[in-house]
Every structure is written in C-alpha cells, then in structure tokens.
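Per TrEMBL, the feature active site, nucleophile maps to C7, R13. For D122, the entry in TrEMBL reads active site, proton donor. For 1-148, the entry in TrEMBL reads domain 'Phosphotyrosine protein phosphatase I'.
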Amino acid sequence: MKILMVCLGNICRSPIAEGVLRHKVKEHGLDWTVESAGTNSYHTGEAPHKYSQKVCLEHGIDISGQRARTFTKNDFDTYDVIYAFAGDVVADIRKIAGNAEMSKVKYFLNELHPGKNESVPDPWYGDESGYLPVYQLIDETCNAIIEKYK
Ligand code: 4NP
C-alpha cells in the first residue's frame, strides 16, 4: 500500500498526516509507504512548519526530518491512493494530472465523513491555536485509514 498525502504547501497539514500515519503503520507492523507533497512549490525543500513539528512532538512523533516537495504527474504511477486535503488541492491535482487517472485521488476527510468532500482547515493563516484541532482531526482520520486498509 503506497499512500501520498497532498496539501498546498506541504509544510502544515500533509506533513502532520505523513508523520501520524507512518507512526500508526509502524505500531501495526504494516508494510506501507506513506509520503507527502504540496501542489505549489513555494516551500519546496523546507522542513514542516514549526507548529506542525511542535504539535507532533507533543504526541511523540518527530517530523523534523521531513522536507517539502512538489506534487508531480509521476506521483500517479507511484502511489495507490492520493489523499487531497482540500477542494482547492483537488483542483490543482486535476490540472497537474492531465490525462492521468483521477480515481486514485480522494478527499482525505472522506475516510472519516464519507461522501462529504470536506477540507482540512489550513492552520497556515492563523496562530498556534489552530494546529492542535487540525492534528486531532488528522489523527482520527488516520485511525480510520488504518482500520479500512490494514
Ligand atoms: P499547507 O498550508 O497547505 O497545509 O502546507 C499552507 C502553507 C503555505 C501556503 C499555503 C498553505 N502558502 O501559500 O505559502
């Protein structure tokens, strides 16, 4: 199972999801690949946002070694599931996809609330208080992903 988490910048939301799901995959002894990317390249090469790192570390997960990268069309060949974190991310992925098969692309939160096509709130635009609720939402959704595919 190869999973890619995709948000806009790959510094706030999807790096948390990469760290959290990798942690759970290890706990369950599963042989999955979990990575993340962003549809824009503004932050390519950067470590996750300091508050994303902090909230993960407070839950025993060190994501400081992760680096942002840009989503590419080749990712459609590499991954089984591509989780989009928001509606604007789906629109970006569709543009990058060209003739690639969009059926691999799913709203991340549909694993928690099927069929609702909800977006994970972007904490980038707020202060530190936004990061814990986002972490908790991601954690809950990663539990659902483990239960579904393990
Ligand atoms: P993310 O948050 O998509 O959760 O990583 C963002 C980070 C940076 C920007 C937008 C969203 N930005 O426009 O720089």
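Along the chain as shown, residues are numbered 1 onward.
The backbone N, Cα and C atoms fix where each Cβ goes, and this holds for glycine too.
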Distance from R13 (active site, nucleophile) back to C7 (active site, nucleophile), taken between C-alpha atoms, in Å: 6
Neighbourhood of D122 (active site, proton donor), C-beta criterion under 8 angstroms, separation at least six: C7, L8, C12, R13, A86
Counts by DSSP class (helix H/G/I, strand E/B, coil) across the domain 'Phosphotyrosine protein phosphatase I' (1-148): 69 helix, 20 strand, 59 coil
Cβ-Cβ neighbours of C7 (active site, nucleophile) (radius 10 Å): 31
Number of other Cβ atoms within 10 Å of the Cβ of R13 (active site, nucleophile) across all protein chains: 33
Local confidence of the prediction over the domain 'Phosphotyrosine protein phosphatase I' (1-148), expressed as mean pLDDT: 97
